[in-house]
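Note sheet for the following structure.
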Amino acid sequence: MSCTTGSSVCREVRQESIGVPMRCWCGRKVDLLVSKTNENPYRRFYRCQGVLQRKYESHLFKWVEVAMPEEFEEQRVEIGKAFSELERMAWEISGLGRSLKSEMGKLEAHVCQLENDVKVREAEACRNTQRGVVGVAPHLVLAVCVAGGLALVYKALCG
Ligand SMILES: [Zn+2]
């Protein structure tokens, strides 16, 4: 970068900064100043605070109209990255939602199956209980008949 500020010639900066500079390569802060030269009247620029103390080193100098478009471009790129990240996150959340919905469907089906199993077992238990009553009755009848027969035999033999 070559430029002129007043009577002094701006030398090339050691480390090119993109956008609005905050600090010079030397670590000093940067001032926002206004040119008072006939060549660049009222033109604004950034300059290292150390430039006057160390005249022979090339400290940061940058016109505002050069820095601003770079700054906007930087911001545009950052916003683009942020949007991409948001899109990726939205896609992930959407995927998680689909996965969750699928898992919920499986769980509902499982619960439904368990409810059916419980109903089937209750019905079986109910049938077994009824069958148990019916099943005991013939044995009871047989037992009563056998006892009666034995009583008759005993009476006939001993009576
Ligand atoms: Zn500096």
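Each Cβ is built from the backbone N, Cα and C atoms, and glycine gets one as well.
Note that the coordinates shown come from a computational prediction; the quantities given were computed from them, not determined experimentally.
Per TrEMBL, the feature domain 'GRF-type' maps to 24-67. The annotation transmembrane segment is assigned in TrEMBL to 136-157.
Sorting the domain 'GRF-type' (24-67) by DSSP state (H, G, I as helix; E, B as strand; all else coil) yields 4 helix, 14 strand, 26 coil.
Confidence over the domain 'GRF-type' (24-67), given as mean pLDDT on the 0 to 100 scale, stands at 91.
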